[in-house]
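Swiss-Prot has this to say about the protein:
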type	residues	note
TRANSIT	1-28	transit peptide
BINDING	ASP528, ASP532	Mg(2+) 2 binding site
MOTIF	528-532	motif 'DDXXD motif'
BINDING	ASP528, ASP532	Mg(2+) 1 binding site
BINDING	ASN672, GLU680	Mg(2+) 3 binding site
Amino acid sequence: MNLSLCIASPLLTKSSRPTALSAIHTASTSHGGQTNPTNLIIDTTKERIQKLFKNVEISVSSYDTAWVAMVPSPNSPKSPCFPECLNWLINNQLNDGSWGLVNHTHNHNHPLLKDSLSSTLACIVALKRWNVGEDQINKGLSFIESNLASATDKSQPSPIGFDIIFPGLLEYAKNLDINLLSKQTDFSLMLHKRELEQKRCHSNEIDGYLAYISEGLGNLYDWNMVKKYQMKNGSVFNSPSATAAAFINHQNPGCLNYLNSLLDKFGNAVPTVYPLDLYIRLSMVDTIERLGISHHFRVEIKNVLDETYRCWVERDEQIFMDVVTCALAFRLLRIHGYKVSPDQLAEITNELAFKDEYAALETYHASQILYQEDLSSGKQILKSADFLKGILSTDSNRLSKLIHKEVENALKFPINTGLERINTRRNIQLYNVDNTRILKTTYHSSNISNTYYLRLAVEDFYTCQSIYREELKGLERWVVQNKLDQLKFARQKTAYCYFSVAATLSSPELSDARISWAKNGILTTVVDDFFDIGGTIDELTNLIQCVEKWNVDVDKDCCSEHVRILFLALKDAICWIGDEAFKWQARDVTSHVIQTWLELMNSMLREAIWTRDAYVPTLNEYMENAYVSFALGPIVKPAIYFVGPKLSEEIVESSEYHNLFKLMSTQGRLLNDIHSFKREFKEGKLNAVALHLSNGESGKVEEEVVEEMMMMIKNKRKELMKLIFEENGSIVPRACKDAFWNMCHVLNFFYANDDGFTGNTILDTVKDIIYNPLVLVNENEEQR
């Protein structure tokens, strides 16, 4: 199938791009034809993102500033310790009488009414506490009275701890003689709900969570517990509101030192959490990687991860007192080859549980990269999946629209599976430039989400698409030039073969790797069909002999036109690889590529002879041959000569290199045999499922065998994942190991529903990667 013929007008020019792109940026104009507008946009945007790595910004919090404003002076308890915070509250009330995110584009819509209620009530209490701002108090009360029904509305999204914090503030307001026009029954109901929530936390032994929201408990909280959760900087979980409440109720000097340091840094208003630099920079790395633009920021990413690893080794509180940061740090460090254990993450999830959806979400992502030996200590980590499924099915109304979608996608598309470029496209299309986060109140950081990331990701995606289209055209010409399209017995899968590498080795500079991968993918498909149905045993043997001899007279040595076409195409591809790889490796690797092809064809010949002779091998005998005959060797092994690092003969012949290949190929063979069992059984072909049924325990049915084999695939995958991620003792460069890992993702994709190439459902996905424009679904939507 020629994909180009399936798509009308596939070549998208700059002018035919979707309007979404022009909405993101104003295109640069060239001067005298010397400046490429796209390159100028990319370079300028990269510079802006690089600056974001140096300066972390976070919005101030009306809610937390109000709690800091309530703190009395140690020397004069009837006076505020931080009068500048009171002045800030007076000067930053919103037009409708509420307090919330200041200078925020969506604030006027009150996407989180409960957040506005708790922030506004905290500000009213702070002002009343010191008898200032009477006009602001009255306007705030009017807002609360108009929206108080939302406090008990289960369909409204809730900040963390709202069911404890808001009733606590109501009680505090009542003690200050603040008269809210609310029904006594509603007030009693909220207090009762607070009591139930407190009991639930105690029964589940999540005292750390109660400490985090302790300002809502007042006299119900044992303030002596503060020391257990007090960090070295004097704060309670880096929360200004909890720390302020702790000082008000316990006069802990460390708490006051923390609050003073906050005001020294931020002036007259504070954020909802501080410090947050490490988490924000990790979020930047995560976002950049998800959007497919990490190749632009390799130095910045390494600097962030090196610093994070230093903090991990030193057991820095920024990591180990917060589930979200710990889970994110663990995942990014492990994926990038740093030696980290999940034990600390398991410990913190046991202590703090999942205080919000983001905590569960990040922990679930981390659970995807646990090794087999991690599973016993990571039971609490694995519970994150159940938590996410539970909130989707029973309590989805309290989730924001954005988080709800993130949870759905996390469960549907696990973070460590799937094809890189498919994930990138989906992440770009769903990206929200106004990703406001929710803790006890909402906050925003331009480091976490902004238009620069999206602008660069879109331009980069289209740049890559234009490269892919040209490479695919060249491959289609190569197929015709080598007469492979004339082999009627063979499947024509040029677009599929190219797609499999464009979706994984996506960077522009990896063009040689993509061409090598795709050419050999095309050839292995054709050769597989030749050994399967297109050739006689004599022809198969003749083809192998020609490759072994190499310098042959095709007119004399090839026994048929089919053999002639196949040999010349193989020689053309192998010689091209040898010539181009020399530029990367500074040595001739042609003999290794030839040997890889010979290993494949000999394994295929062995299977053909077994079939001819009606020989039934043992399962072990079959698998030792079948992982090679699955034909991934010629695709992956030559391609890794083009991904960057130099590969010595020692590396290529090492047991580590062989194990990488065997684990990858075994997974592929088992997936293929599971999905093609019924068809191959009818055709009388050898298959692992059939052999397992015939050689295994009596009475086993197909479903049981398939279940066992799927578990085997899962274990092989975890074993391979460990080989890929771990650097200690490894001699195969990471970029090369990633090629084996990427092929596993390709296999999972192709065998998700059908037995590899026999399904047509992937055609739309192929178009998405190579041809179709992006559709930015969040561009004109309100965030919540």
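Heads up, the Cβ atoms here are built off N, Cα and C, so glycines get one too.
Structure with Swiss-Prot features highlighted.
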residue	record	contacts (Cβ under 8 Å, 6+ apart)
ASP528	Mg(2+) 2 binding site	MET604, ALA631
ASP532	Mg(2+) 2 binding site	ALA608
GLU680	Mg(2+) 3 binding site	ASP673, LEU686, ASN687, ALA690
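Across the motif 'DDXXD motif' (528-532), the DSSP tally of helix, strand and coil residues reads 5 helix, 0 strand, 0 coil. Counting every protein chain shown, the Cβ of ASN672 (Mg(2+) 3 binding site) has 20 other Cβ atoms within 10 Å.
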